[in-house]
Amino acid sequence: MATEHVNGNGTEEPMDTTSAVIHSENFQTLLDAGLPQKVAEKLDEIYVAGQRKYGGPPPDSVYSGQQPSVGTEIFVGKIPRDLFEDELVPLFEKAGPIWDLRLMMDPLTGLNRGYAFVTFCTKEAAQEAVKLYNNHEIRSGKHIGVCISVANNRLFVGSIPKSKTKEQILEEFSKVTEGLTDVILYHQPDDKKKNRGFCFLEYEDHKTAAQARRRLMSGKVKVWGNVGTVEWADPIEDPDPEVMAKVKVLFVRNLANTVTEEILEKSFSQFGKLERVKKLKDYAFIHFDERDGAVKAMEEMNGKDLEGENIEIVFAKPPDQKRKERKAQRQAAKNQMYDDYYYYGPPHMPPPTRGRGRGGRGGYGYPPDYYGYEDYYDYYGYDYHNYRGGYEDPYYGYEDFQVGARGRGGRGARGAAPSRGRGAAPPRGRAGYSQRGGPGSARGVRGARGGAQQQRGRGVRGARGGRGGNVGGKRKADGYNQPDSKRRQTNNQNWGSQPIAQQPLQGGDHSGNYGYKSENEEFYQDTFGQQWK
């Protein structure tokens, strides 16, 4: 048996490296170059893991507490590629004691990949590092970006049978994945016995969540005889305590259908002057004039019965502009296939977007993530771990999995296409082909597919055209490529309409990585690196 000293620190027991150590294809090259065994193995780790780690538990004289928990790690982006630990560690040690630092490396060039993760011993040190070094000029003309790193341990799972309970879902998914700790499930407002067809699975840590995601997305695992829809959910971000200390708005959920804004105003006004009350489905926002009134109301009313339901109250999470920007980017990417969709943030009312009805182009709806309520309600994330924790979209964006005018109408007549600019374009349909649907009246110059459509100029829009005749499921005769459906493709699942899941933090790869585009990255890459491209 070959015996080797791997770590090079003090007296070591022999170990069988042939089975315990997995080397990359570059390991022999390093040995052939004359490098010592230990040095070659350390360098080979960079090829395998794609990172270089500094530190570990610091000496007891520096820190003798427990292992750091959530909120102690920061992400450092836009690092100059030729900058290493010898400059990063002294810089960040000024914010507090460091537990470890992981610098992502490019093994081919020996340079870093432009980002790193620093874990501090305390949350306070991590928050101080963000304040001190976000947009810090680390070299002349080179500014780094720093933010709290959030290890995502939640998965969105769609296509859940609506009759299943939280306990049944927890039991079923525990059979096929490891480390599942909780299930977050929402019920339909008008029928508390039924769920909304989706849930969130919470795992012990990001590593187990990533493994579960890969397993569930493999197509080999079926739950209740079906392959589910699985995506990353947005991770929970702890709000700034200084910001939360100023919040005067309460988020109230689990309201009965009979509860009105007038009832809420009467119930909460006894604790202080109200600026306004806004109820949406079975939740509401209560705006107080003073924070003291909001604090007192939450203490007195949380868990109390209101019109037959026990309400739950937390402070509403204020706007996070960076999260809104990320949401806008994800939403724009999700809707690239949709015609005439652009993101408009509150408080401006967006113009209506086209529905997906096929005859007469359907009715008009609003963008999928616009909820119709005023001003900044869309910004609130309801950061509460027992429901909707930290997620930006109110869960009513998933209501019955139907948003706006998404229904398919009958296909309209397939006549000549309109001219789209300065001059007539040739017709798209085949000459002499029969119409596909019944004729529809013109909507100005835009009507059913058989009629002429409006030019893409400054024409006058007239009345809406009717829907075309129903020829459900037939293919277009002229070879026109029909755009993909807005509905998520779920392998012919048959549990009713499918949900449109929260977008993952980046594309839909199956590796568990997100934020970075390298095949070498593993589960440790758990933050929003895409902010600093």
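Backbone N, Cα and C define each Cβ position, glycine as well.
According to Swiss-Prot, the feature domain 'RRM 1' maps to 72-151.
Sequence annotations record features per position, and here Swiss-Prot assigns domain 'RRM 2' to 153-235.
Summarising the annotation, Swiss-Prot assigns N-acetylalanine to ALA2.
The phosphoserine annotation in Swiss-Prot covers SER69 (among others), and the record cites similarity to another entry as its basis. SER69 (phosphoserine) carries neither a helix nor a strand DSSP state and counts as coil. Proximity of SER69 (phosphoserine) to non-local residues of its own chain (separation of 6 or more, Cβ distance below 8 Å) is seen for LYS123, given in sequence order.
Among the features that Swiss-Prot reports, N6-acetyllysine is placed at LYS131 (among others). According to its DSSP assignment, LYS131 (N6-acetyllysine) is helical. Long-range neighbours of LYS131 (N6-acetyllysine) (same chain, six or more residues apart, CB within less than 8 Å of its CB): none.
In the three-state DSSP classification, LYS273 (N6-acetyllysine) falls within coil. Over all protein chains present, the Cβ of LYS273 (N6-acetyllysine) has 10 other Cβ atoms lying within 10 Å. Annotation comment: Swiss-Prot describes LYS273 (among others) as N6-acetyllysine.
Feature annotation from Swiss-Prot assigns phosphotyrosine to TYR283; the stated evidence is similarity to another entry. Its Cβ placed at the centre, TYR283 (phosphotyrosine) has 21 other Cβ atoms within 10 Å.
Taken from Swiss-Prot, the feature asymmetric dimethylarginine applies to ARG354 (among others), supported by similarity to another entry.
The asymmetric dimethylarginine annotation in Swiss-Prot covers ARG420 (among others).
The annotation omega-N-methylarginine is assigned in Swiss-Prot to ARG428 (among others) on the grounds of similarity to another entry.
The asymmetric dimethylarginine feature in Swiss-Prot is assigned to ARG436 (among others).
The omega-N-methylarginine annotation in Swiss-Prot covers ARG446 (among others).
The asymmetric dimethylarginine feature in Swiss-Prot is assigned to ARG449 (among others); the stated evidence is similarity to another entry.
Residues or ranges marked as phosphoserine in Swiss-Prot: SER497 (among others).
Annotation source Swiss-Prot lists region '8 X 3 AA repeats of R-G-G' at 358-469.
What Swiss-Prot lists as region 'Disordered' is 407-533.
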Self-check item: Integer Å distance between the CA atoms belonging to TYR283 (phosphotyrosine) and LYS273 (N6-acetyllysine)
Solution: 20
Quiz item: Averaged over the whole of the region 'Interaction with SMN' (428-459), what is the pLDDT?
Solution: 44
Quiz item: According to DSSP, which of helix, strand or coil covers TYR283 (phosphotyrosine)?
Solution: strand
